[in-house]
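Heads up, the thing below is written out as structure tokens.
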Amino acid sequence: MNTKTYGVTEPISTNGPTPKENILNDALIQELKNRGSFESEQATKKRVEVLTLFQRLVQEFVYTVSKSKNMSDSMAQDAGGKVFTFGSYRLGVYGPGSDIDTLVVVPKHVTRDDFFSVFADIIRKRPELEEIACVPDAYVPIIKLEFDGISIDLIMARLNIPRVPLDLTLDDKNLLKNLDEKDLRSLNGTRVTDEILQLVPKPTVFKHALRCIKLWAQQRAVYGNIFGFPGGVAWAMLVARICQLYPNAVSSAIVEKFFNIYTKWNWPEPVLLKSIEDGPLQVRVWNPRLYPHDRLHRMPVITPAYPSMCATHNITSSTQKVILAELSRGSSIMQEIHAGKKTWSDLFEKHSFFYKYKFYLCVVAASIDSAEEHKKWSGFIESKLRQLVLKLEVAEGVEIAHPYVKDFSNTFILDDKNAEDIINSYGTLSGEDFLRTLHSSDSDKDDEEFKKIRLTKYYIGLDLNLTKSSDGVRKLDIQYPCAEFYSICKGSTSFTEGVNFIQIKNVKLHELSNDVYEDGEERPKKSGKKRKKVIKEDGQKRVRNESPASSASVNGSS
């Protein structure tokens, strides 16, 4: 039995599992297997081969840049370069279709511009490349790839050393000297992942519990840092803390305690895996007493590796409400699972996002450009979507602005059609008749024969609490937050007039397009209730309790 203390407090219980918990644990593992949570040995071997190839490509990249800066051949060879992994792959909780979070570490003479130009060009020449999108403006600049059937997210960190040998580790804090914040954030991923595995009592128990929580979070659409929800590392740290509190528990018990504890957690009390470390470097460490910005974090989960950062800084008022509601639901279901009234499959039931709200905003990013350039544009829009959510949250009458954590994409051949007509039709049920007259293109390959328009849409659900104005009409004005969002997007270096487009439109529940529902899912029905009309002094008929969307329309597609 493990009696060691892990974390910042004594454990709550050091008891081992009960017979019932062991039975529930076996059922959990079986449910995870049934849902394809574990990858085959052959698929895992392929990941290793791809990472081995990328190690060679990184060394080629560093060598090429070194030679361009007049280094001798031997010095350029010695400059090195190394690939590290982090996230779900390094934690050992990846499954079929999971991406590989990959860190490229380079010596001081290689720049981030080199990463997005020289290295990206080296990758483009590879026959295994299927898709590439460079997003240099992201909070952590990133290259997103589909490579030989595997999704890879590449980030870069430049160390203040002349060479990066293959035996380099990232444990030494002195490696963090004289780095900018982007490099620190990039390095933190691998360093945090390694520390998490060292701070849990039983890694196998932790990994199975984390697989469960990851699957739950994905099914309930509360997984995605960029959208304002915890990402993979944050969920991992939340699970790890429960493992510390119950060091001898099995995974099923960890999951039950997870929901019970975090439903009652006194936010914004931080979740810590170990005490926050000070260090000799002039780098910022998370400290709400010192930094006002850190006091704004709503559900802080603090990384264990120095310098400690908040992994959940993106959580907004709206996404916090959604997360807490899902934790509460999970806690209730776990009680029923324990009582034998429900099974693990009930915990993993799919979300109801596209049934939940009466009104939605649909944000459309469109490009008359290559697949790569469109991914760059839509990736930028995605990275800024949280800014729109923050602006909507403070609009009068908006209780919740709930972003959906996945996008939907289509490509059409333009022919003689007007791009704005296509954009105006995209994302709504009523626009689908027009879109069916177009030739869709399933291929992301670029060709000169056809001019294509590529579209990606994102949805934000709106929970509204509107008060009546003097004329008895309920109104919502979101012109200002939408106009501000347009300004941010059009001010980007990714935006080119006439090539890139951005549009925000209001969509009622019954007007959502068909592609947001899976085969077999029933669409929500339009209410047959008729609304009372009133005659205004100007003689115009208006609907009493008018839909707030009608006064909130903000369409612009240039």
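Note that Cβ sites are derived from N, Cα and C of the backbone, with glycine treated the same way.
Residue counts for the compositional bias 'Polar residues' (1-17) under DSSP, split into helix (H, G, I), strand (E, B) and coil, are 0 helix, 0 strand, 17 coil. For 1-17, the entry in Swiss-Prot reads compositional bias 'Polar residues'.
Here Swiss-Prot flags 1-20 (among others) as region 'Disordered'.
The 10 Å shell around the Cβ of Phe86 (ATP binding site) contains 25 further Cβ atoms across the protein chains shown. Feature annotation from Swiss-Prot assigns ATP binding site to Phe86, Gly87, Ser88, Asp99, Ile100, Asp101, Asp153, Lys214, Tyr223, Gly232, Val233.
Among the features that Swiss-Prot reports, Mg(2+) 2 binding site is placed at Asp99, Asp101, Asp153. In the three-state DSSP classification, Asp101 (Mg(2+) 2 binding site) falls within a strand. Taking Cβ-Cβ distances under 8 Å and a sequence separation of 6 or more, the neighbours of Asp101 (Mg(2+) 2 binding site) in its chain are Thr85, Phe86, Gly87, Ser88, Tyr89, Arg90, Asp153, Ile155, Gly189, Gly232.
What Swiss-Prot records for Asp99, Asp101 is Mg(2+) 1 binding site, and it gives similarity to another entry as the kind of evidence.
Look at Swiss-Prot and you will find 516-558 (among others) tagged as region 'Disordered'.
For 535-545, the entry in Swiss-Prot reads compositional bias 'Basic and acidic residues'.
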Other C-beta atoms that fall within 10 angstroms of the C-beta of Val233 (ATP binding site): 24
List of residues, in chain order, with Cβ under 8 A from that of Ile100 (ATP binding site) and at least 6 apart: Arg47, Val50, Leu51, Thr85, Gly87, Tyr89, Tyr94, Ile150, Ser151, Ile152, Asp153
Cα distance (Å, whole number) from Asp99 (Mg(2+) 2 binding site) to Tyr223 (ATP binding site): 14
Pairwise CA distance, Asp99 (Mg(2+) 2 binding site) versus Val233 (ATP binding site), rounded so that it is a whole Å: 14
Check: same-chain CB within 8 A of Mg(2+) 2 site center, minus Asp99, Asp101, Asp153: Gly87, Tyr89, Ile100, Thr102, Lys144, Ser151, Ile152, Leu154
Where Tyr223 (ATP binding site) sits in the secondary structure, as DSSP reduces it to three classes: coil
